[in-house]
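According to TrEMBL, the features are:
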- 14-353: domain 'PDEase' (DOMAIN)
- His91: active site, proton donor (ACT_SITE)
- His95, Asp135: Zn(2+) 1 binding site (BINDING)
- Asp135: Zn(2+) 2 binding site (BINDING)
- 377-412: region 'Disordered' (REGION)
- 379-401: compositional bias 'Polar residues' (COMPBIAS)
Amino acid sequence: WLSDCLTAPFLFASCRSVHPEADDMLHEIGISPSMDMLTFSSLGNSQLLITVTFHIFRTVHDLVLPLRLDDYKLMNFLKALEAGMHGPKLHNMRHAADTMSRVSAMLKMGGLYQQATQSMKRQLAAALIASIVPDYKHPGRTNVFHVKRASAAALSFNEQHVNENNSLYACLNVLRDPKCNFIEAWSEEEQREFKSTLIELVLGSDTDSHFELLTRFQMRVNTETEGYGGILASRFFGSCDRRTRLLVLQLAIVCGLHGDAVLPFEVHKKWVQLKQDEYFEQGDEEHALGLPISGLMDRSRPGVADPKTQVGWLDIIVIPIFQQFCNVFIDCHDLLQQCQENRALWEQEQANGFVGKAQFSPGLFMGLEGILRSDESRSQTPSVLSGSASDHVQSRQNSCSMHHPTRFPGTV
């Protein structure tokens, strides 16, 4: 069933169709931002990440042959990553495949690579791989949890981007294996550039860097422009220097990681529930260890799936990132619209009485992994209890521009 995108003979034997709906859904992978990866993964394909990656690399972006990527070694590389993506409720193979598919779809929809050079294609390949790395060997615990416990990973990486650094280290070790080095045909300089790009993009995906990323993107990219569509988007992106292109790709990956917000509402809610389940498991472990239970991780209190929490999360975190990206790449505007529609539906659920045991407040919202970690930084945070959603977003963005963004651990 992958005959349109895979040529290596052994791949045909390992990726057979097991459900008639799978063939139809396959054509949405990497092209449709609203592709339902949860349903696709339930149709029996045991090699989900391999299926998604090869379809995107071969069919959607045509990267394998032009970039001289080794099919067999790419397969080995992905098999190794798949083996390290089991366990957590959210951060697993399904989430990795979903993120890559959405990042691919956004870049395709935005028209960024319509006129791509070989160098840009190598950068695209690095961005697609970077979108799945954060889920590799993810423990289902946040960076703050590592720091609280003084875990080996937190000590090894000086409490900085703990999960992201750990995933990167493990991923690069896999790539060093001669059986998995699918870019072996490249020059040493090209391989170094690929790895450097991979590192920058993965570390930039940490929610710890969220507000800093938005500020840098707005200052460097989203300035004095009415946006680009079609071939103009590709020409604009191609004219950018390396640093600017990396900034665009970082934001695209962050959008992909939060991309459940642009799915149809009922599918979006399923992903939110998975995040809540993973958070509650962390809260259970924190309780068992005698540690303070992180906000939104206590089963006896409202969790991430509480409508008020979701409205605040979308206002402060998610909608601004899609606004920034879609303001520049205007062909992606439908994604922002879907995100705003989901926010309205959460607000409607709240009005209909789907409310948790405690009222939403800035203090509770800080439980989203401590967006603001000190009394001083809290004093800079606008209230999320009054005013319109757009006021909240604009106020937060203004705050980010006026102050250095406060460090906060990743929630993805």
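Keep in mind that glycine also has a Cβ here, set from the backbone N, Cα and C atoms.
The model shown is predicted, which means the values in this text are computed figures rather than measured ones.
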Statement: Taking all protein chains shown into account, the Cβ-based neighbour count within 10 Å for His91 (active site, proton donor) is 24
- line: Rounded Cα distance in angstrom between His91 (active site, proton donor) and Asp135 (Zn(2+) 1 binding site) is 5
Message: I'd like the number of other C-beta atoms within 10 A of the C-beta of His95 (Zn(2+) 1 binding site), please.
response: 27
